[in-house]
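Novice: Dumping the structure here so I can ask a few things about it.
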Amino acid sequence: MLLHILLHNIAPVFFLISLGYILGKGFRLDIRSLSKISIYVLVPSTMIVKMYETGVDIKLLMPAFFTVAFVLILSVVSIIPARLRGYCDSRKNAFKNAIMFYNSGNFGLPLISLVFANTPMLEYAVSNQIMVMMSQNLLNYTLGFYNAARGKMDLKSAVKAVFKMPTVYTILLVLLLKIIPYDVRKFFLWPAVVYASDAMIAVNLLILGIQLSSVSFNFKDFDVYLAAFMRLCVAPLLAYLLIIAFRISGVMAKTLLIAGGLPTAVNTVLIAVEFENEHQFATQTVVVTTLLCLFTLPVVIFFAQRAF
């Protein structure tokens, strides 16, 4: 299974990151302009497609509630090491984002598909992961934006910055589209939204690679490894305790526990770049957690399959 995960999940991810790195070294690319394309076009398009096409099942609301509770708990827990280390506001909020937000989409969905491949519960497991991904995207582009903005702004300015982002309005738009008695997928512009949605994963990984090309790595930065430990080791343990508290079992419990051990989300880099808040720390944390999860995720998957 380890080799399969390496070849089918991690290798494609790192291929695109490496390609972005090469492009960043070979050309003068404006990372802020590229991140704006992702934040203002690709991410909203993905949210529209995923939220509109996912049917509302009462049982599938549980992963969403769980994810919100899990992220809030991680937010509180991450304050402890941040205070012990005496972080400034910008580093503290970047540290929180690195722990709270995990790669539930372009890493999590393929991984869950692999774990439950050739089983009758595959579709249900993937549906659970989609709800996790949607909840993560919502929180990432609201609370994550706020954290990054708060590192450089006062409270009022940070809140204003969040409401300048398209996420909140995208959610309202999707809710409106689901209410109206018309299948929006028949609208002639729907394919354009789908095209933009399909581009998000590749473009975000390329952006990460481009960002990496301008970062001077400090492999002695203890804060990066502390964030990686919190994300890959402490977070799955907290996810397990929360699953027990919520009395979740079966496939849903397995999916949520595996998701809890995923590496830091690439989107945290985009947010850090957008608000010029510790983007080098954010980039290094994404890379380190993605590399180290090769060793931690098989353990989490093994435990999830036997615990539930």
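Glycine too: its Cβ is placed from the backbone N, Cα and C atoms.
Annotations in TrEMBL come from automatic prediction, not curation.
Annotations for this protein, taken from TrEMBL, read as follows:
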- 6-24: transmembrane segment (TRANSMEM)
- 60-80: transmembrane segment (TRANSMEM)
- 100-118: transmembrane segment (TRANSMEM)
- 161-180: transmembrane segment (TRANSMEM)
- 187-212: transmembrane segment (TRANSMEM)
- 224-244: transmembrane segment (TRANSMEM)
- 256-275: transmembrane segment (TRANSMEM)
- 281-304: transmembrane segment (TRANSMEM)
Novice: What stretch of 6-24, 60-80, 100-118, 161-180, 256-275 shows the most Cβ pairs under 8 Å to the transmembrane segment (224-244)?
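Specialist: The stretch with the most close Cβ contacts to the transmembrane segment (224-244) is 256-275.
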Novice: Should anything in the same chain at least six residues away from the transmembrane segment (60-80) have a Cβ under 8 Å from its Cβ atoms, list it; otherwise answer none.
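Specialist: The answer is 54, 92, 95-96, 99-101, 127-129, 131-132, 134-136, 139, 143, 230, 234-235, 238-239, 242-243, 246, 248, 252, 255-256, 260.
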Novice: Counting a contact as 3 or more Cβ pairs under 8 Å, with residues at least 6 apart in sequence, do the transmembrane segment (6-24) and the transmembrane segment (281-304) touch?
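Specialist: Counting Cβ pairs under 8 Å, at least 3, so yes.
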Novice: Cβ under 8 Å, sequence separation of at least 6 from the ends of the transmembrane segment (187-212): give me the contacting residues as numbers and ranges.
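Specialist: Residues packing against the transmembrane segment (187-212) from afar: 13, 16-24, 29, 31, 34-35, 37-38, 41-43, 45-46, 48-50, 105-106, 266-267, 269-270, 273, 279, 283, 286-287.
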